[in-house]
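K.L.:
Under the heading disulfide bond, Swiss-Prot lists 83-94, 136-144, 146-199, 247-261, 249-256, 318-349, 334-344, 348-388, 364-379, 366-376, 371-372. For 93, 335, the entry in Swiss-Prot reads N-linked glycosylation site. As annotated by Swiss-Prot, O-palmitoleoyl serine applies to 253, with the evidence given as similarity to another entry. Positions annotated as phosphothreonine by Swiss-Prot, on the basis of similarity to another entry: 46. Residues or ranges marked as signal peptide by Swiss-Prot: 1-28.
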């Protein structure tokens, strides 16, 4: 049952700041990577000094590159929501990563060595890399832009002019170049007429900023730090492995006689799914001395490099325990007909469940206003739900 919405602007908060970072205007042309004029720049005052929890090193990065940091924060925000989606049927469902204006890394579970900790580290690192690289390709960042260029701009323009002239005469004029990253992007078919062009996602810049922002520059001195840096690396590796080739057709009457192609990161949902698969096969690391951080893997280093690792057995997460980053499962909605992990039997840890008529208030009909807030209506939704005792 849907009641009439009541207009009420929510506070800006971290989410509003993040929307300001990346969704403040219509997307620029992804092919050309246009930098449209007229958008006020993000400054240190609007980004760095409004968010608590930045380390000294992160604050320095933010002061030097507030626009890139804003994109990184957006990436963390997206990563937390994707983490919640991927683990929505688990007892621990990433809700503890929502920091209320602080970075997710202040959550207690990220100071532990659980499988869930490993998954969270990889997801957050991937989110920063993905968001920064995407912002680069959209021309939103001062310090970076399009990624790899297959040829000089003059050569590219000359080639395009020759090709368009050939197309206007009803002929094809193939120009093809190899992928800049062998193995990371599918190769064109023999009948394809295409060239690398447009605006590639600058994955190198995104990876470097993710590493600088999240990894400590000092050598890791304990097992927890080594686990964090390793899983950060796995998250970024998954983004690189899932690069896609996107193309735009050119030609008369939509004939697609010629395609301009560029590298792009996939939707973040695909990144989340790939990391969720790695979570299911995460590797437990035995250690001689946790203070020394010495790994005692049972697998070859090459096999270990692309997998999530952890060194603590996870608790059952049934009860609330702030020291473990566990919110517990009391009050969680469950599926009484399911025998899977989202079923009331598993999710409620044997405590049983109640059937409640619940009215919740949710944000709806959101509009972004420049500058600088998101204005939403509040809608009331009434429904019957099964809730863990």
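Just so you know, glycine gets a Cβ as well, placed from its N, Cα and C.
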K.L.:
So if I draw a 10 Å sphere around the Cβ of residue 344 (disulfide bond), how many other Cβ atoms end up inside it?
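P.N.:
Counting Cβ neighbours of residue 344 (disulfide bond) within 10 Å gives 24.
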K.L.:
Filter the recorded positions 83, 93, 256, 318, 388 down to those whose C-alpha lies within 10 angstroms of the C-alpha of residue 364 (disulfide bond); answer none if the list is empty.
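P.N.:
So the list reads none.
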K.L.:
For residue 46 (phosphothreonine), list the number of other Cβ atoms lying within 10 Å of its Cβ atom.
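P.N.:
There are 18 of them.
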K.L.:
State which of the following glycosylation sites has the fewest other Cβ atoms within 10 Å around its Cβ: 93, 335.
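P.N.:
Lowest Cβ count within 10 Å among the glycosylation sites (93, 335) is 335.
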K.L.:
In the three-state scheme derived from DSSP, which category covers residue 364 (disulfide bond)?
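P.N.:
The residue in question, residue 364 (disulfide bond), is strand (DSSP, three-state).
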K.L.:
Which one is it, among the disulfide-bonded residues 249, 349, 376, that lies nearest to residue 93 (N-linked glycosylation site) by Cα separation?
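P.N.:
Nearest by Cα distance to residue 93 (N-linked glycosylation site): 349.
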K.L.:
Do you see any of the recorded positions 136, 335, 344, 348 whose C-alpha is within 10 Å of residue 318 (disulfide bond), and which ones?
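P.N.:
Near residue 318 (disulfide bond) by Cα: 348.
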K.L.:
Within 10 Å of each Cβ, count the other Cβ atoms and name the one among the disulfide-bonded residues 83, 349, 379 with the highest count.
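P.N.:
Its Cβ has the most other Cβ atoms within 10 Å: 83.
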K.L.:
Taking 247, 256, 318, 334 as the disulfide-bonded residues to compare, which has the smallest set of other Cβ atoms within 10 Å?
P.N.:
256
K.L.:
Are there disulfide-bonded residues among 144, 261, 344, 376 that sit within 10 Å of residue 388 (disulfide bond), Cα to Cα? If so, list them; otherwise say none.
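P.N.:
344, listed in sequence order.
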K.L.:
Count the Cβ atoms, other than its own, that fall within 10 Å of the Cβ of residue 249 (disulfide bond), considering every protein chain shown.
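P.N.:
Excluding its own Cβ, residue 249 (disulfide bond) sees 12 Cβ atoms within 10 Å.
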K.L.:
Please report the distance from the Cα of residue 376 (disulfide bond) to the Cα of residue 261 (disulfide bond), rounded to the nearest angstrom.
P.N.:
38
